[in-house]
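Pulled from TrEMBL:
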- 6-26: transmembrane segment (TRANSMEM)
- 71-94: transmembrane segment (TRANSMEM)
- 100-124: transmembrane segment (TRANSMEM)
- 145-165: transmembrane segment (TRANSMEM)
- 171-192: transmembrane segment (TRANSMEM)
- 224-247: transmembrane segment (TRANSMEM)
- 253-272: transmembrane segment (TRANSMEM)
- 284-304: transmembrane segment (TRANSMEM)
Amino acid sequence: MDWVAVIVSIIPFVGVLLAVGFYTLLERKILAIIMIRKGPSKVSYMGILQPFSDAGKLLCKEFIVPTRANVGPFILAPALMLAISLLGWLLYPYKSAEVFYVFGVILFMVITSVSVYGVMMSGWASNSKYSLLGAVRAMAQSISYEIPMGFIFFCVVLCSGVSMFQEISVFQQSLFFFFLPLCVVMLVWMLCMLAETNRAPFDFVEGESELVSGYNVEYSGGGFAVMFIAEYSSILLSSVMSAAMFFGGNEALVGFLMMVFAIFFVVVRASLPRLRYDKLMNLCWTVLLCVMLTASVCVVVLVGV
């Protein structure tokens, strides 16, 4: 076995886990600034090591399995969610890599679609009404918002002529960003990403005011930590793909814009209240779907001309 190759392949995933930890710190700092409070500041200098403290605390706690839970799926669900979330990082638009995914756009859609199975498994296996309601909401929400997301990918692929994220990014190096002609499409994309990652104001899957904590209400210790990491990893991946699809260019620009999109998720959480669930579905089926159908027709006409 080539140990060097194994270590090199593991390093990016370790980087993602570290990025998730410090992203949670960044989120708490920004929320503290917006809400005019202190935020994490006790662990080391300005709270820099707070993520490691939180991770250590959660992993040292007991992992409790409810008496009436389905033990196998209950334990497997967090691992499945984390594995699917990390799998998406294989699509990171490196300019030089050993493996390129020619149909990366389709693979990204597959990964976002499959990610709901971990939520479904955890909600069902917990044998709790709150968990099951959160899982059902997650499935309905994810399936609904994947339809306008498919039209968004259709528009981007039609404009670039390729479905590989690296080439979509390279196509925009001449400062012709897809954001300019597809600004409405990008707005819909951001709404879809908020819904797909279960972030405020679309965080009905784990609505504290209604479902206590949603699909993860029965999880504690390491299981809850793994679910938390999977959720935030998906947010960072969505930020990367947003930067690559609509701005592209060199990797430094993609990295900078990824941070901008990641901060956007936090600011939205601090600024907007949670909607009603029926309004979320109405927004998807009566507004976003119609907007994307119209935008797709316009893109087909413009590209054909």
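In case you wondered, yes, glycine gets a Cβ from its N, Cα and C as well.
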Take the C-beta pairs under 8 A between the transmembrane segment (224-247) and each of 6-26, 71-94, 100-124, 171-192, 284-304. Which stretch has the highest count? 71-94
For the transmembrane segment (100-124), find every same-chain residue at least 6 residues outside the stretch whose CB is under 8 Å from a CB in it, and list them. 70, 73-74, 76-78, 80-81, 84-85, 87-88, 90-91, 131-136, 138-139, 142-143, 146, 149-150, 153, 156-157, 163-166, 168, 196, 205, 214-216, 219, 227, 230, 234, 241
May I ask which of the stretches 6-26, 71-94, 284-304 has the most CB pairs under 8 A with the transmembrane segment (171-192)? 284-304
Using a Cβ cut-off under 8 Å, which residues of the same chain at least 6 positions beyond either end of the transmembrane segment (71-94) come close to it? 12-13, 16, 65, 101, 104, 107-108, 111-112, 114-115, 117-119, 121-122, 124-126, 165-166, 168-169, 218-219, 222-224, 226-227, 229-231, 233-234, 237, 240-241, 244, 251, 254
